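The structure appears right after this line, and notes come after that.
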Amino acid sequence: MLTVLLALAPIFLLILLGHGLKRWHFVEDGFWSQADRLTYYVTFPALLVSNLASARLGSLPWPQIVACIGGTTLLLAALILLGGPLLRPTADRAGRATLSSVFQGAIRPNTYVGLAGAAALYGNDGITVTALCIAITVPLVNVLSVTALMLLVPPAGSSQHRIARLRSLALGLLRNPLILSCIGGIVLNVSGLGLPPVIEPVLGILAKASLPMGLLSVGAGLLLTLPANDSTSRWRAVIVPFVAASVGKLVLLPVLVTLTLDLLLPSSLSLSAATLGTMILWSGVPCSASSYILARQMGGDAPMMAALITWQTVLAMISLPALISLLPWLTG
């Protein structure tokens with residue numbers, strides 16, 4: 001447990017530092033949006049491409065990773081929707097908007113925390129497995145989230161307006177730099193082309209900036225409050241949805257991944273410690289900050305989403321070390 005804590009502590013300290021820098025106005029508020037953009041479009045893709053282009057991908061159990069990560073995400077998404085009548089505070093549009101945030105909060109992973117944790121615990125092997133998880137998860141959860149929001153809180157306006165919005169979201173997904181960089185890195189690897197001698201060190205330098213900047217930005221985005229609610233049933237309106245999404249993301253999804261691995265691979269020893277540990281770690285990271293943007297754009301419960309992003313990140317400071325420490329027992 002102590003070893004895991006020491007490995008993950010720098011990640012959470014950087015997140016807390018980012019929160020402190022934002023709160024104390026160490027830099028202008030406009031800095032953080034520009035830092036997010038630089039990380040998202042430049043340094044993070046550089047990390048993914050440089051790692052995947054040179055990784056030993058042939059030794060990884062691709063079918064099992066795809067089936068496990070994709071299948072458990074779909075299963076949890078189905079469970080959230082089936083439990084909707086119990087999880088939403090009311091049956092009206094506001095209640096369905098809250099359910100949409102529970103849905104996103106339970107399935108969308110924070111890629112920065114996942115990649116930083118894997119790098120800290122398992123080095124380059126962890127980064128490689130996480131990159132594959134990103135390639136599987138990011139397009140899947142985006143499609144699921146948009147579909148859920150369209151069904152739960154259908155947008156107002158004409159059918160042409162709805163089609164235009166869907167087209168815009170689809171184009172955004174196709175242009176997603178994380179997906180494109182994963183595909184590019186895999187193509188360079190499988191084709192045997194690799195990275196040109198000059199480009200490789202440039203990407204390596206950029207990659208070193210990605211995780212520190214990403215984690216600082218995660219901290220800067222934290223809002224340590226719960227959404228306000230004027231009704232007398234705060235428990236039903238706030239606490240139940242919050243607990244459901246957080247337990248689903250931080251506890252239930254890792255358990256589902258563990259059970260699925262046991263089913264797909266009767267002997268988990270056939271997986272390396274880095275592959276197994278990274279998959280469990282990836283499944284237990286807090287929800288992504290991009291969930292808030294989508295909730296705000298498509299009429300979801302943005303305050304609930306902001307609270308889930310913040311408090312899941314705080315809770316993950318406890319749950320992730322515990323999860324990795326329990327890994328031998330979970331897979332035994």
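Cβ atoms here come from the backbone N, Cα and C positions, even for glycine.
Caution: TrEMBL annotation is automatic and unverified by curators.
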Residues flagged as transmembrane segment in TrEMBL, choosing from 7-28, 205-226: 205-226
Same-chain residue ranges lying at least 6 outside the transmembrane segment (273-295) that approach it to Cβ under 8 Å: 60-61, 65, 68-69, 72, 97, 100-101, 104-111, 113-114, 117-118, 121-123, 125-126, 129-130, 133, 137, 145-146, 149, 217-218, 221, 245, 249-251, 253-254, 256-258, 261, 301-302, 304-306, 308-309, 312-313, 315-316, 319-320, 323-324, 327, 330-331
Tertiary contacts of the transmembrane segment (65-87) (same chain, 6+ residues out, Cβ under 8 Å): 96, 99, 102-103, 106-107, 129, 132-133, 136-137, 140-141, 144, 148, 240-241, 244, 248, 252-253, 256-257, 260-261, 264, 275, 279, 282-283
For the transmembrane segment (38-58), sequence-distant contacts whose Cβ falls under 8 Å of one of its Cβ atoms, 6 or more beyond its ends: 111-112, 115, 124, 127-128, 131, 134, 177-178, 180-182, 184-186, 188-190, 194-195, 200, 202-204, 206-207, 209-211, 213-214, 217
Long-range Cβ neighbours of the transmembrane segment (307-330) (under 8 Å; 6 or more residues past either end): 1, 4-5, 8, 12, 15, 101-102, 104-105, 110, 113, 117, 121, 218, 221-227, 242, 245-246, 249-251, 254-255, 258, 276-277, 280-281, 284-289, 291-292
